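Pulled from TrEMBL:
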- 388-399: compositional bias 'Acidic residues' (COMPBIAS)
- 400-410: compositional bias 'Basic and acidic residues' (COMPBIAS)
- 43-179: domain 'Poly(A) RNA polymerase mitochondrial-like central palm' (DOMAIN)
- 266-335: domain 'PAP-associated' (DOMAIN)
- 373-410: region 'Disordered' (REGION)
Amino acid sequence: MSIPPVRFVPGVHTVEEIESQLANLHVAKKSYVSKSYSSYKELTKFFWEVYHEIKITDEEIAHKREAMRVLSEYLHRICSDAVLASFGSLESGFALKHSDMDLCVLTESLEASEPLAPLFYEELVKEGFEGKFLQKARIPIIKLIGDEKERFGSGFQCDIGFNNRLAIHNTKLLSSYSRLDSRFRPLMLLVKYWAKQKRINSPYFGTLSSYGYALMLLYYLLHVVKPPVFPNLQQARTKREKIVEGFDVGFEENIERFPPSSNVSTLGSLLHGFFRYYAYKFEPRDRVITFNRQDGVLTKQEKGWTSATEHTGSADQIIKDRYILAIEDPFETTHNVGRTVSSSGLYRIRGEFMSAARLINSRVSGSYKELFEQAPLPPRRSKKVADETDVPEKEDENNENPRKGEIRQA
């Protein structure tokens, strides 16, 4: 049975309201029961095949490492004390093929980076790189979109931030979970690829960054599936406090002390459960995804995230913080990773979760490939919506930046 395409209408949040708009209501709710272990074998096999097709190649990793070495040399020409650090998907192990590179220049202070940023950009332009310098962003960003000398393979792109130390600790946390259980990496790449293909991974269009989907998946594996796939490394009794920029970035880094997970579910079972949970059980109107509670339960009312707020950014731009989808950053707990998600964006996101859950429930193995079929482009945003969101200027579906000038990728 093939699932017919669904046209989503913006502005609806509840399961019942969304279901009333779906064209495939002939798929009965009774089919939402969990599959048996044996019924996931073919789905799991399919997921492993897709994973090996979409993951970054060793050759591409080598190109990116060489690019980082060369960029470090150029940086040291103008500031020998600065350090160029890698973070994001390349470091966490969650990079898809042809992913952007995410780097961060670390200096002794924020003040030291202000004169350094434009000088570094000028040096890179002289060396044949193409790009732009986003000086008015909260954190300066150099966006490289090409290399005239083609030294690092085709399609080279790189974002370079300055003193974004919290992003580096975010990457270390996700990387630790990946080393704790070998299923996390393929699960994360499959979710990232699914969101990219369905075009629901663009803050510019009112949806969610890849970092946001990483946290949604991590929350499911920590607090929803039973038994949990992971222990909560931030809540471990042996965790030590570590303050960076006023936030506790400490977590248990000695993962060897934890025994193997008692959860032996397959990729197929875990992804099916992930799609079903966010399609039918998670309540975005009331709940906050959090990693700072032992039981994972936090409401918007408790958090004070009940209505949109505005504040002025460092470049005097008005920044609007929405709480339509609330995802508390693991470390910077005042930051909602889902702040760019609009009403229509949440509708599209939840609709795609429902479609994925229904498709898997159809038990038609030949239809599994529809999970990763590319969706049509979303409609262009109105000027009003554009003015309300403070997001990066990169507008394509590969955008993973949760907010302008602050890159925090999975």
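Glycine is treated like the rest: Cβ placed from N, Cα and C.
When the domain 'PAP-associated' (266-335) is classified with DSSP, helix, strand and coil residues number 19 helix, 15 strand, 36 coil.
Across the domain 'Poly(A) RNA polymerase mitochondrial-like central palm' (43-179), DSSP assigns 69 helix, 30 strand, 38 coil. Taken together, the residues in the domain 'PAP-associated' (266-335) have a mean pLDDT of 91 on the 0 to 100 scale.
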